[in-house]
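Per TrEMBL, these features apply:
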- 5-32: domain 'C3H1-type' (DOMAIN)
- 33-60: domain 'C3H1-type' (DOMAIN)
- 122-144: domain 'C3H1-type' (DOMAIN)
- 190-242: domain 'RING-type' (DOMAIN)
- 271-301: domain 'C3H1-type' (DOMAIN)
- 5-32: zinc finger (ZN_FING)
- 33-60: zinc finger (ZN_FING)
- 122-144: zinc finger (ZN_FING)
- 271-301: zinc finger (ZN_FING)
Amino acid sequence: GFAKTRGKTLCKYYINNACTKGSECPFAHDRTIKPDDVCRFYLAGRCSFGIHCRYFHFLILDDHNTLGKSKSWILHKDHVFSTDAPEFIPSWITAPKSDKWTYASAVGYFFISFRSACILPLCPYFETGNCSKGAKCDFVHGDLCELCGINCLHPGDADQRIQHNRECVAAHEEAMEEAFAIARSVDKTCGICMENIRDKNMRFGILEGCKHCFCLDCIRKWRKNQNEQFDKKIVRSCPECRTHSDFVIPAVYWVEDPAEKMKLFTKFQTNTKQKQCKYIKEGSIDDCPFGNKCFYKHALPDGTIVEGKSPRALKG
């Protein structure tokens, strides 16, 4: 009959009762043939592809309960499996020796102990849409993430999908916040030089006490020059409204909301506290005119942090 003219490779669709080619199929329709492409990850108890796996999902059962005797190949009934199924639990843990062996128990500790390693990594080429191997690729072709547009969601790793989604949403929110910040900043001009700050590629000098806008360089120069002529209260006032501000906060984008200013100031303080104060690099702690109000780190040569005296005590 036609079966004699077929190849020796077993038809996986026939085994699954799904071959539509019938007598025209070039593969063998013979359930006694030993399959030569059994999924090793399925045998170890963790195949990421499930019913979509291109390899056979078979178990080896020992007819005489001893290794080395005759064995029969059993196809998983629905090609869908669970790592909690009996065939994936080592017989020496959960069953007496009289129970049937599985292939997982035959290969023993190695596969069972390293199930987590059986999740294949994602194909880096497919992530960018350029994998030339297609279905023959040895790595997993990920699902498309709708947020970032990259094929980076592992079809067999739920934890990875959740983690990526969390990170992607956070990155998306951050990008949106930056877009809003840019929109707030594009038309802002400096109240001293009267030029557009973004066009000059300059940073903003944010005053804590008011909403007037200045270049960082302009407001620093203004306060420095005024310091030589006027009282400190006048120097630390806004050039336009005279509202007092103890400090100027450097910023890439324009910030006006008081709560956002506080967040910006806290971040600025955290960053500056990591840098050594320029006034005491070569001298003593008392060389810094800002004393314990200084935003920068006051560290002695041995690494000890000393805040120093108050500015008033230093002047007295």
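Note: Cβ is positioned from N, Cα and C throughout, glycine not excepted.
Outside the domain 'C3H1-type' (271-301) by six or more residues, the chain places 247, 307-311, 313-314 with a CB less than 8 A from a CB of the stretch. Shown for the zinc finger (271-301): DSSP residue counts in helix, strand and coil, namely 11 helix, 3 strand, 17 coil.
Using DSSP to sort the residues of the zinc finger (122-144) gives these counts of helix, strand and coil: 7 helix, 4 strand, 12 coil. Per-residue confidence over the domain 'C3H1-type' (122-144) averages 88 (mean pLDDT, predicted model).
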